[in-house]
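Colleague: In case it's useful when we look at the structure, here is the feature table from Swiss-Prot:
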type     : residues           : note
TOPO_DOM : 1-14               : topological domain 'Mitochondrial intermembrane'
TRANSMEM : 15-45              : transmembrane segment
TOPO_DOM : 46-59              : topological domain 'Mitochondrial matrix'
TRANSMEM : 60-87              : transmembrane segment
TOPO_DOM : 88-229             : topological domain 'Mitochondrial intermembrane'
BINDING  : 162, 197, 201, 208 : Cu cation A1 binding site
BINDING  : 197, 199, 201, 205 : Cu cation A2 binding site
BINDING  : 199                : Mg(2+) binding site
């Protein structure tokens, strides 16, 4: 989860987020070299006393400043397109969960199980927090998903626009009334991950957290059995 004075991403817990972090580093590396080159040229130009006012055009220079930017754009576009296709890929899921946004809480429906189950997830008030709980992030009912499994999340809203977001997994999906948006993800690491509604949805928008536990498959099966009782 996020820390105080943090300027970087949260630790990546899904293949998608790992690719996004790699692309971020790749882009910043290119931008660093471009900025360094421009700064060097500006300094050399401002400090140099050599000038030539007779040069009106140069085919060689025009070719260079056309080819090099095109090459840089290709270096940025190829990994970006790969990630876009990865985000839209819908593989055969192991489990499907329907997420519905409300003002101002979430509901999760497990409809493809032998017995349909549903949980409501509200933020815990500050007065109900225990030692070690996180203010404005803890909920009364956490959603659990199995580790190393393909999860398909169907996301919609009952009232206004919301956005279901888990930064550590690189997920941000709009919850739109009357429409189902979907996303697939998986996590290779167990743990507790937090997110929040990322679309302004009213007075209590800031009090609409998301808490997801990634647990081993056997533990998830036990959790589902208890949920169905």
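Each residue, glycine too, has its Cβ placed from N, Cα and C.
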Colleague: Just going by other Cβ atoms within 10 Å, which of the binding-site residues 162, 205 has the emptiest spot?
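Modeller: Selected from the binding-site residues 162, 205 on minimum Cβ neighbours within 10 Å: 205.
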Colleague: In the topological domain 'Mitochondrial matrix' (46-59), how many residues does DSSP put in helix, strand and coil?
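Modeller: For that range the per-state counts are 3 helix, 0 strand, 11 coil.
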Colleague: Do any residues at least six apart in sequence from residue 208 (Cu cation A1 binding site), in the same chain, have a Cβ closer than 8 Å to its Cβ, and if so which, in order?
Modeller: 101, 104, 105, 106, 123, 162, 196, 197, 201
Colleague: What is the number of residues in the topological domain 'Mitochondrial intermembrane' (88-229) that are helix, strand and coil, as DSSP sees it?
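Modeller: Counting residues by DSSP class gives 22 helix, 61 strand, 59 coil.
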Colleague: Cβ-Cβ under 8 Å from residue 199 (Cu cation A2 binding site), same chain, 6 or more residues apart: which ones?
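Modeller: The answer is 161, 162, 163, 174, 175, 205.
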Colleague: In the structure shown, which of the binding-site residues 197, 201 has the fewest other Cβ atoms within 10 Å?
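Modeller: Checked 197, 201; of these binding-site residues, fewest Cβ neighbours within 10 Å: 201.
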Colleague: Can you work out the mean pLDDT of the predicted model over the topological domain 'Mitochondrial matrix' (46-59)?
Modeller: 76
Colleague: In the same chain, which residues outside the set 197, 199, 201, 205 have their CB within 8 A of the centroid of the CB atoms that define the Cu cation A2 site?
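Modeller: For the Cu cation A2 site the neighbour list reads 101, 104, 160, 161, 162, 163, 198, 200, 202, 208.
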